[in-house]
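Worksheet for the structure shown next.
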Amino acid sequence: SLYVSEYFSQSAQKLSFYSWYGNAKLFHFRVPEDTVLLRWLLQASRGKGPECTNMEITVHFRYGAPPVINPLGTDFPANATVRPSYSISITLSSAVQNTTFVNVTTPAAGDWFIAAHLPEAAGRIEVKGFSTPCPYMFQADMFVLRLADMPVLEPGVAMPQTVVSPAKALHVKVFVPKHTAVMWLELRNCMSGEQKACAVRVVLGSITLPQSFQRIITCVGKVNCSLALDSPPWEKWLQIMVESLGAANASVSVEMLASFRACRPGSTSSFLNFGSLNQSQTGPRPGSAGAAGSPTLSTGETSRNASDQRSFCLQNQPVVREDLDVVSVRYRLLNGPSVPVNSLSPTLLLLNLNTGMDSGGSLVVNLLLNKTSVSLANATVVACVSAASPVLSLNATHNCSTAFFQGYPLRVSTSSPEAMLIVLYPQTDDWFLSLQLICPKGQGECNAAEAKVTVFAYLTPCFNDCGPYGQCSLLRRHGYLYAGCSCKAGWGGWSCTDVTKAQSVSAQNLATLLLTLSNLMFLPAIAVAVYRYYLVEASVYTYTMFFSTFYHACDQPGVAVMCIMNYDTLQYCDFLGSVVSIWVTILCMSRVKKILKYVLFVLGTLLIAMSLQLDRRGVWNMMGPCLFALIIMIAAWVYHGVKRRHCYPPSWKRWVFYLLPGITLAFIAISVYAFMETNENYYYTHSIWHVLVASSVAFLLPPRDKHKKPWAWSQKLTCRYQICQNDREELYAVT
C-alpha cells in the first residue's frame, strides 16, 4: 500500500478568558478522504513577563461542526439537544511552551473543528494602557496519513484480501448508495497462515468526536463471520479496517463480501410538486394564515394511493431549501406545511445542511399535530431527526438510531400535540426527519388510520435571536461563519435563558437612574463657572453632562434603555466631553492670558477629537491631554511665583479649602475608574466616578478676575421710573 502524508497548519491565535462563545478561538480543518491516521499538534505558549502566571487551557474537538461547550455550567434553552464535547486540558506552569499530540485512527473525512479558551473571566473592567495582560497563544497543526490506493469493495463481489501482519492493518472501502436500508458484510474463508481458523477484528466506520459509533466484529476461531448494519450512511464511502489478532508473523487471508438491500421510496406526483411550488412562491408562506396546501384528491385516488403505500418502505415528501441570509435557511414543503403520517411506512423529509456553511447555527424542528385528523385517540406520531441516513424502523423498535448516528426523538399525540427540537451547531450532512404513526395495541389497529402533522423546520443563527437580554453576534474564522449569543443584564446560557444571575427589572431601573442622574452633579460646577464668568468652561460642562446622561441611558444592557440618537455617536460625544472638560479645567487653573487660553482650548479640542477617533478607549487619550495641561499649569504657576516673589496661588485658604479637596477628589475618582470597576459593580462605581469628577471641578475652578464685578442682577433689570442725569460738562454758565 502507498501511504501519503500531508500537513495542514493555521496561524496562532491569542486566547481569551471565557465569558461567552465568542471568547473561544476556533480552528477549522478539512480531513481528506481515505485518511487512516490523524495527528493534532497543539502548541500553547505564554509571555515571559511577571504578569504571566500558571494557566490551564481547555481544548475541545468535534467532527462536522463547532464544539458545543459549556465552561460556565449555565443552562441551555428548553428542547435543545446537548451532547458534551470531547476536550483535553493543557497546563502552562513553569514552562513557557507546551506541546501536545492527539492521535485519531481512521478519522471521518470532512470538517473538523477545534475550540480553545482560558478559564472563566474575572469580570474586571480594565482600562486600556493601565495594565498589560499576559499573552497566551495557541496554535493547532494537523498531520494526516492517507492511503493512496485503498481497495474498493464492490457490492455482491467477493474480494480476496490478505492481512500481512498484526502490525499492519488492512483498509478497504465500500460506497453506500442512496436508499439503502440494510448492509451486510461477510467474511468468508478466513484462514491464518497455518491453515487454521483466523482471529481477526473488523472495524466498520470512522471515528467522529465527541461520540463515535464504530461497529466491531471479533472473529476468533471461525471461518465465516457477518454483520448487518441498519440504515448505513447514504451516498458515502464506508471505511472498513481488518486487524489480525494472531501471531506476530502470521498472515491472514480472507474473502470480503458486501451486499445491500434497497428501500423503495414512494412520493407524490411531480406535477403536484411543481404546482405547489408555484403556489407557494406567489401565495402566502407556509405556516401563515391561508397557506395553500396540495390539491384535494378524489376518493378513488386516495384509496389507490393507500394500497400503493404497502409496497413502499418510506414516503418521500418534497422539501425546498430557501436560503434567507448567512446561516439562515427555511425549509418549505411543496405540498403544504401538513404532511400525512401513517403506520405502514415512515414519512421522510430531507433537510439539506451539507453546504459547509450551515453548521454554525441552530436547526429548529417544530411538529404540530392536527387533533381532528387522528381517528384513534391513543395513537402517537413518533419522529426522529438523524444525520447521514434516516431511521426506517420506527414502528418496530422505537429506537431513534442509525448505523453510525444516534438521532433525536420527538413524539406528538392528542394529549401533547406539539413538540420542538433544537440542534445546536448541526454537523454538515444531509439531515432527515422520519415520522410514523404508532398504536399502543399493535400496528393492526393503525392500518387504516392517518394523522396530519404540520412541520416547521428552519436554520437560524441564534435560537429566538438570543431573547430580550442577549445579542446574536456573527463570528468569523477565515472564511467560516458561525453565530453566538452575548448575554447582558446578568443573564447567561447558550441562548441567554439562564436566570441564575439575572438582574431584576427594578435593579435595571436603579442602575439606569444611578448612571444618568449622577451626571447632575455637574450642575454645581456649571453654576460656579457661570458665577465666576467662565462661560466657555460652563458650556463644556453642560455638553458633557448632557451626552454622558443620554449615553448611559442608551448603554444599559436590560430593558431600561432610551437612545435619542445613534449609540456610537452618543459614546463618542461622551468620551470627547469628558476629556475636553479635564483639558479646559486645568488650563483655566493655569491663569494664562485669555487669548492664549482660548487658542489652547480650540487646538486641544481638535487634537483630542482626532485621538479619540483613532483609539477611543486608550488611556493616553485621557492622560496625554491631562499631563500636557498640567505641564502648562505648573509652568504658569512657577512664572507667577517668580514674578511676584511669592508662592502661587498666594492664599493658604485657596490651598486648604479648594485645591487640596479638589485634587483629593480627582485622585479618588481616577482610582475608582482605573482599578475598582467590574461588570457587576459598574453601575455604582461609575456613578461614583461621575460624582467625584464633577465635584472636583467645582473645587478646582479658580476665582474670577479682580476687575470682574459679580453678577448684579438688580442692576441689569430696567425699572419703570428712571432718574435721568445730564453728564455733559457745562462749558459756559449763564448768570
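In case you wondered, yes, glycine gets a Cβ from its N, Cα and C as well.
All annotation found in TrEMBL is predicted automatically rather than curated by experts.
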* Asked: Can you tell which of C462, C487 is bonded to C472 by a disulfide, based on TrEMBL?
  -> C462
* To do: Taking the Cβ of C487 (disulfide bond) as the reference point, list residues of the same chain whose Cβ is under 8 angstroms away and which are at least six residues distant in sequence.
  => W20, C466, Y469, G470, G493, C496, D498
* Structure fact -> Other C-beta atoms within 10 angstroms of the C-beta of C496 (disulfide bond) total 29
* For the domain 'EGF-like' (458-497), what's the model's average pLDDT? -> 92
* Asked: If you count the other Cβ atoms within 10 Å of each Cβ, which of the disulfide-bonded residues C462, C472 comes out on top?
  -> C462
* DSSP-assigned states of the domain 'EGF-like' (458-497) in counts, ordered helix, strand, coil -> 4 helix, 20 strand, 16 coil
